[in-house]
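This report concerns only the one structure given below.
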Amino acid sequence: MMDLGKYAAEVISAWGISLALLGGLVWWTIARDRKVRAELERTERDHG
Amino acid sequence: MSIWSYANPRKFLETTAPWVPWLMWLSAAVLAVGLVWGFFFTPEAERFGSSVKIIYLHVPSALMAINAWLMMLVASLIWLVRRHHVSALAARAAAPIGMVMTLIALVTGAIWGQPMWGTWWAWDPRLTSFLILFLFYLGYIALWAAIPDPDSAADLTSVLCLVGSVFAILSRYAVNFWNQGLHQGASLSLDSQENVADVFWLPLLVCMAGFVLLFVSLVLLRTGTEIRARRIAAMRARARRAEPVRA
Amino acid sequence: MERGGMPVLTGVSFRLAPGQGLVLRGANGIGKTTLLRTIAGLQPQLSGSIEGAGERAGYASHADGIKPALTVTETLQFWADLYRSTLPEEVFDLFDLADLRDRSAGTLSAGQGRRLGLARLAVISREVLLLDEPTVSLDAFSVKRFASFLRDHHLARGGIAVIATHIDLGLDLPEMDLTPYRAAPEARGGSDEAFL
Amino acid sequence: MERGGMPVLTGVSFRLAPGQGLVLRGANGIGKTTLLRTIAGLQPQLSGSIEGAGERAGYASHADGIKPALTVTETLQFWADLYRSTLPEEVFDLFDLADLRDRSAGTLSAGQGRRLGLARLAVISREVLLLDEPTVSLDAFSVKRFASFLRDHHLARGGIAVIATHIDLGLDLPEMDLTPYRAAPEARGGSDEAFL
Amino acid sequence: MRALLARDLRLAVRAGGGFGLGLAFFLIVVVLVPFGVGPETAILARIAPGILWVAALLAALLSLDRIFALDHEDGSLPLLATAPLPLEMLALAKALAHWITTGLPLVVAAPLLGVLLHLPGAAMPWLLVSLALGTPALSLIGTFGAALTVGLRRGGLLMSLIVLPLYVPVLIFGAEAARRGAEGLPAATPLLLLAGIALGCAALLPFATAAALRVTLR
Amino acid sequence: MRALLARDLRLAVRAGGGFGLGLAFFLIVVVLVPFGVGPETAILARIAPGILWVAALLAALLSLDRIFALDHEDGSLPLLATAPLPLEMLALAKALAHWITTGLPLVVAAPLLGVLLHLPGAAMPWLLVSLALGTPALSLIGTFGAALTVGLRRGGLLMSLIVLPLYVPVLIFGAEAARRGAEGLPAATPLLLLAGIALGCAALLPFATAAALRVTLR
Ligand code: HEM
Ligand SMILES: Nc1ncnc2c1ncn2[C@@H]1O[C@H](COP(=O)(O)OP(=O)(O)OP(=O)(O)O)[C@@H](O)[C@H]1O
Ligand SMILES: Nc1ncnc2c1ncn2[C@@H]1O[C@H](COP(=O)(O)OP(=O)(O)OP(=O)(O)O)[C@@H](O)[C@H]1O
Ligand SMILES: [Mg+2]
Ligand SMILES: [Mg+2]
């Protein structure tokens, strides 16, 4: 692990939070897309 | 064939769907390169120490936060003038992305502010105007979510986006006027590159490209999701109407 | 006046000459209110056209829009002012409100309140009246009174009336049952169409 | 159950056994709502007495007290919880609400909303029902349905009902016209009396 | 339009939302703030213009849902919309009625309230002018926000959320003008900007409001 | 009683009067105050506890008329009163729902809001405790005031006038405790007095509220 000096806490928390937010956004987007796709398939089968 | 033909939901889906996964992977790759470069292979700045590494997230997200709003403004105008459903849905799809970008810029800035200015929060103009931008995003998203009828929602949010843009610019000037502030100037403008050495500038550029790509691919994906959701709702509505009112 | 096509109702079409009235019938939820609102211009039709209503129409909904804090006279005076007409004395007699003039509208009984809501129609004097269940809460006597107002004061003077109601008004008007116009499942319309 | 004397009505008196119903009649503003509210204990009588209502009574007013933000099921579930009963499945069929279960109450048509208001009565299952113009806005079919609910589900099980209405419910209940009980001007009552 | 204005004002007075409520609100804020922050004159004088401006803004914000919600609930709004009055005028009348019940009382009472908060005398004219220019803009913006959210679930919260960022420029220029006036600095620039915003709002927002109403009435 | 509480909370959430509105209100105040009084850290820190307390009080005061007025207007109140639930419990449920939507959000958000107003860290626990003790009292007192004025013309104005003087002791002790805490002075006395007021209100006011409701429902 590299040495971040006296700002280690700040840098790591900033990166951690940001990457978590980005990851969350991507994950949420993809998950919702999957759900809606599956739902659409079901609906098309039922009411097609 | 005119560009407006892509405003047909089906055509839009057919055209973009094959591209979206590739775009996602590409943006992931570019982001990874930029972020790894920025995190591991850049030196410390003399004034900021290692805290300068925050810039690789802070600046791109701040840029995208503003650009996402601009994109929503254009899409809203297209909906109001030409009533193409895809553009309304694209505006809707972009908003949460813009909001997350704003949030990242705010959070990284706040964390950065603690060592640099000795405070988490200061009523600095740029910080303040980002807080206001965040509120705009929240209101816009909440308005979309609150209106059951999709066309009314598209109309009202578009009007809000127009009016809001005017007021966002106004408040930018107002906030500047109110408090001269601690924040860095816009030293990244292209003609004043000497302000930032290439060691910081190049990986930052890659990160910005990564954020732009990520934004584009997410907007395309989310727009597709919105279109599919509308299609489900439309089919259900049709099915519901098929049932008799009373046996 | 014509109109046609919408997710609730489809293919409805009629034309009324001055002095004619039309009674809309149909089960709860069939779309009477929807139709009247559309004619009044409060919501857009999905397809088809409506001619001649607009500025000339006066609409009375389920709710009377009565403000409890205003008196009966003040309420009517407000509508008269808004429609730039004067408040004719006779409405108080026509709708049996003479005794209630200075009562605040919040203390009226259900039927008295409804009479006040209907009196508004006489005050604004539009050529086309769109009435949504106007006689709800009224006793038999008041219903008769209202029917004769419609006949003698409105239709007889060349007015037009479209009335949605479940009860018999005792007027000799043509009726239109909306049941056959219920939008069929495949009836498309509106922005959903782009996604189907 | 007895009551008598108040500035609006005076000398009204009746007694109902389990399984009996009574229809109140009278012109608008005669005092039907006032009478029902008094029996429900919402306002004090000026003189006379009311026995046996109180806790056992359920009251349905002109307004249904429907919150537009709650769905149909949530509305009924709330009343069931409040009255510590469970929400019987059959009410949805009894009042033809099955299709509307998850619609928010604000989007119902006038008649559908009224059906929801009436369904509440089946949920709270009180012995004495005090109904103020229950069939307003209902179409003929729903009125019949409601009448049969009253007869078969309420009165047949030993319930009591006092109903104020202007229309004919098609039930074979005794009627009481309130017109003769109109308080004469010199009828005194209330705290004003002490100053006269 | 005059009829509508008169009706709204009469209703406001009768229902206790009128002039009186506006005054009471400002009086309450001005009485509470010293209890809250303590009685030191210097601090109170320093924050007085800001507090009064924030109070103006809260008063406007919190009374917004009365603008259309009541008329929507009791069914008056469709009746008003079918009356021979352009929706733009309806919007303007509503905004004006709102201003008369929330903005005007503050402008009128500001001298008294200022004294209670130990505002220096020289600052008073600046505060008055800034309030007189700014509060109409608050009402116009608020009417727009109210029109966007008529009849929605969560309408109240949503409206605050939407209107708040729109209020920021008005608040900043208004409070800044009052503050500069109080400290003897030149205050013409923020006042001019404030006036510009107010005029722009009056000229353009009624159209946006009417457009929103047309959609929400559907 | 649980059903009523659940309904009121659900209605509050749906109609946007819930937790969210409470939080939004405090966020609004906290964002607006610096715009109003200017960005200087020292002044903001000095007035922070007072501002938060005044905000709590305004939030309570301004949402009081929702407690009974909505149920009164749409006719639910008579229906609720004829349900098998003592009016005292109705009063308590209403007060609790009110606190959850206005008092609790403030207690929860106070740390964040404090940061935005540059409140010194040492003052935070005192502020939190004083708010946690004081806000329930505000809701109970407010419910009583609301019951007194249900269905009156000018109810809103009247209610503020009735409730305000009742609120003053709570505000004084609460803000004093927070301020002493911030300055490192002993703050136990005002906190104890505050706790006493809160307990007294909870024990006695529901009966007064029920009595008032019985009269206003006539
Ligand atoms: C919540 C707080 C903050 C927000 C919302 C914020 C916002 C922004 C924005 C919008 C930009 C892009 C400006 C542009 O490219 O023209 C930016 C750039 C930048 N920010 Fe922040 N910032 C915050 C806090 C901070 C802090 C605490 C620091 C460090 C002390 C900082 C350092 C920088 C730097 C170095 C840039 C690049 C500026 C340049 O040279 O163009 N920011 N910030
Ligand atoms: N917002 C909405 N969402 C979904 N359906 C709706 C909405 N508003 C109305 N409807 C439905 O549209 C149909 C037509 O309603 P409308 O009010 O026109 O009926 P109506 O004929 O006037 O009935 P009534 O006699 O009960 O007044 C009803 O089935 C109603 O439930
Ligand atoms: N607050 C009040 N002040 C004065 N008179 C009132 C008040 N409230 C009701 N009234 C009058 O009392 C009388 C009885 O009203 P009530 O509502 O009981 O009539 P009702 O028989 O139910 O009429 P409807 O069939 O129209 O519903 C009416 O004449 C009404 O105007
Ligand atoms: Mg209808
Ligand atoms: Mg009645």
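Every residue, even glycine, has its Cβ placed from backbone N, Cα and C.
The transmembrane segment annotation in TrEMBL covers B:20-41 (among others).
The domain 'Cytochrome c assembly protein' annotation in TrEMBL covers B:26-183.
Positions annotated as transmembrane segment by TrEMBL: B:61-81 (among others). For the transmembrane segment (B:61-81), the residues of the chain that approach it from at least six positions outside its boundaries are 87-88, 90-91, 94-95, 97-98, 101-102, 104-105, 108-109, 130, 133, 136-137, 140, 154-155, 157-159, 161-162, 165, 168, 208, 211-212, 215, 219, judged by C-beta separation under 8 angstroms.
Look at TrEMBL and you will find B:93-115 (among others) tagged as transmembrane segment.
Feature annotation from TrEMBL assigns transmembrane segment to B:127-147 (among others).
Look at TrEMBL and you will find B:159-179 (among others) tagged as transmembrane segment.
Feature annotation from TrEMBL assigns transmembrane segment to B:199-221 (among others).
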Range from B:93-115, B:127-147, B:159-179 with the greatest count of C-beta pairs under 8 A to the transmembrane segment (B:199-221): B:93-115
Highest-contact recorded stretch vs the transmembrane segment (B:127-147), from B:20-41, B:93-115, B:159-179, CB pairs under 8 Å: B:93-115
Folded-back contacts onto the transmembrane segment (B:20-41), same chain, C-beta under 8 angstroms, at least six residues removed: 53, 55-57, 202-211, 213-214, 216-217, 220-221, 224
